[in-house]
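Participant: What follows is a single structure, and I will ask about it in a moment.
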Amino acid sequence: MREIVHLQTGQCGNQIGAAFWQTISGEHGLDASGVYNGTSELQLERMNVYFNEASGNKYVPRAVLVDLEPGTMDAVRAGPFGQLFRPDNFVFGQSGAGNNWAKGHYTEGAELVDQVLDVVRREAEGCDCLQGFQITHSLGGGTGAGMGTLLISKIREEFPDRMMATFSVVPSPKVSDTVVEPYNATLSVHQLVENSDETFCIDNEALYDICMRTLKLSNPSYGDLNHLVSAVMSGVTVSLRFPGQLNSDLRKLAVNMVPFPRLHFFMVGFAPLTSRGAHHFRAVSVPELTQQMFDPKNMMAASDFRNGRYLTCSAIFRGKVSMKEVEDQMRNVQNKNSSYFVEWIPNNVQTALCSIPPRGLKMSSTFVGNSTAIQELFKRIGEQFTAMFRRKAFLHWYTGEGMDEMEFTEAESNMNDLVSEYQQYQDAGVDEEEEEYEEEAPLEGEE
């Protein structure tokens with residue numbers, strides 16, 4: 001029933017993916033080997049969205065793990081939940097892509113892609129009613145970015161009417177892993193604009209900030225960052241995995257969130273976020289969750305939505321929450337901060353409810369927003385891209401793999417178009433009262 005096939009590519013994608021499976025296995029009452037020992041019927045009811053049932057009460061993730069070098073996969077296999085995955089679903093090369101998008105997309109990755117598609121096909125054929133695909137990857141590297149986007153376009157060709165959701169880790173403004181990130185990211189965005197239905201943008205720097213500022217961790221590890229990402233992924237997919245009063249699936253989310261097909265890049269947030277010692281001192285209530293989830297400091301992508309306006313957004317509440325209270329809070333947010341929502345889409349906040357909270361919490365909320373402020377992120381990458389491309393720096397690594405400079409120029413202009421489309425809709429319909437938007441006031445209820 002409404003299955004999702006999950007792919008994780010590259011080092012970043014595999015690490016986030018592993019954290020995600022760890023989180024949802026826990027929520028569904030599965031232990032590290034996939035055996036069910038939960039307590040609630042509700043955990044089993046929609047288990048098959050993400051898991052295949054094997055013999056002996058064992059559940060196996062419908063996940064395909066892809067990388068161009070064996071290292072990360074070995075780490076996943078040796079990790080706490082390594083025995084969960086089906087061994088045939090590990091597909092890896094030996095050479096690595098070396099942070100080179102062209103290697104992932106055209107040479108090394110292209111050699112491996114048919115093997116991956118065979119596994120994807122096998123998983124898809126086992127589904128009653130395939131809903132779509134989700135892929136975790138980063139946009140700054142070689143495998144996740146290059147091969148990830150190659151897989152997306154191949155899957156798109158073969159399953160044109162299924163949803164394609166991506167959880168994409170975008171390069172951060174200050175924390176850079178490799179010098180060619182702007183190239184890889186721009187080439188990837190060029191692909192995602194055309195081939196993905198919904199892209200959840202996550203960036204490491206915003207995650208670092210959340211870890212340090214809100215969770216009070218002095219030096220956060222990648223494990224801590226991945227934990228945050230998996231909380232969001234779990235929240236976005238919760239209404240697919242558990243029955244709730246107001247359910248949404250990938251397609252409903254897309255219908256509500258994407259006003260124009262190209263503008264499908266979302267900012268995500270999660271609440272409650274409290275430091276490890278402090279959660280005993282806070283009562284979690286719907287108003288509190290709402291305030292925290294609309295707080296720009298809690299966004300997991302480094303762009304401040306106060307510099308733009310929301311086209312649409314979606315709030316997913318979990319736990320024992322009252323429907324009326326949620327509706328009131330949502331109306332409240334829209335009325336008090338109406339300048340942050342475009343006025344030509346009335347009621348542009350969608351809510352979903354699910355009665356099962358995440359482990360260890362009474363209630364939580366996940367936020368997905370389609371804000372025009374995401375253009376900051378693309379602008380920033382575009383500027384870095386242009387700075388290097390103007391000098392043709394590092395280009396030989398890409399042309400050596402058979403790429404053409406023309407492709408870079410196309411990707412650059414596609415990204416610039418995307419930025420100006422966001423800008424155009426941000427300005428739309430406010431011609432008369434242009435002056436009011438000069439000074440940006442902070443959101444109500446936060447200093």
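Counting begins at 1 with the first residue displayed.
Cβ coordinates are placed from backbone N, Cα and C, and glycine is handled just like the others.
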Participant: For the GTP site, Swiss-Prot lists GLN11, SER138, GLY142, THR143, GLY144, ASN204, ASN226; sort out which one of GLU45, GLU53, GLU69 goes with them.
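Facilitator: Answer per Swiss-Prot: GLU69.
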Participant: Which residues does SER138 (GTP binding site) neighbour through Cβ under 8 Å, counting only same-chain ones at least six apart?
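Facilitator: Spatial neighbours, sequence-distant, of SER138 (GTP binding site): GLY10, GLN11, CYS12, GLY13, GLY144, ALA145, SER168, VAL169, VAL170.
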Participant: Please list, in sequence order, the residues in the chain of GLY142 (GTP binding site) that are at least six apart in sequence and whose C-beta is under 8 Å away from its C-beta.
Facilitator: GLY10, LEU68, GLY96, ALA97, GLY98, ASN99, ASN100, TRP101, LYS103, GLY104, ASN184
Participant: Would you mind pulling the longest C-alpha to C-alpha span across GLN11, GLU69, SER138, GLY142, THR143, GLY144, ASN204, ASN226, which the record has binding GTP, in angstrom?
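Facilitator: About 23 Å separates the two most distant Cα atoms.
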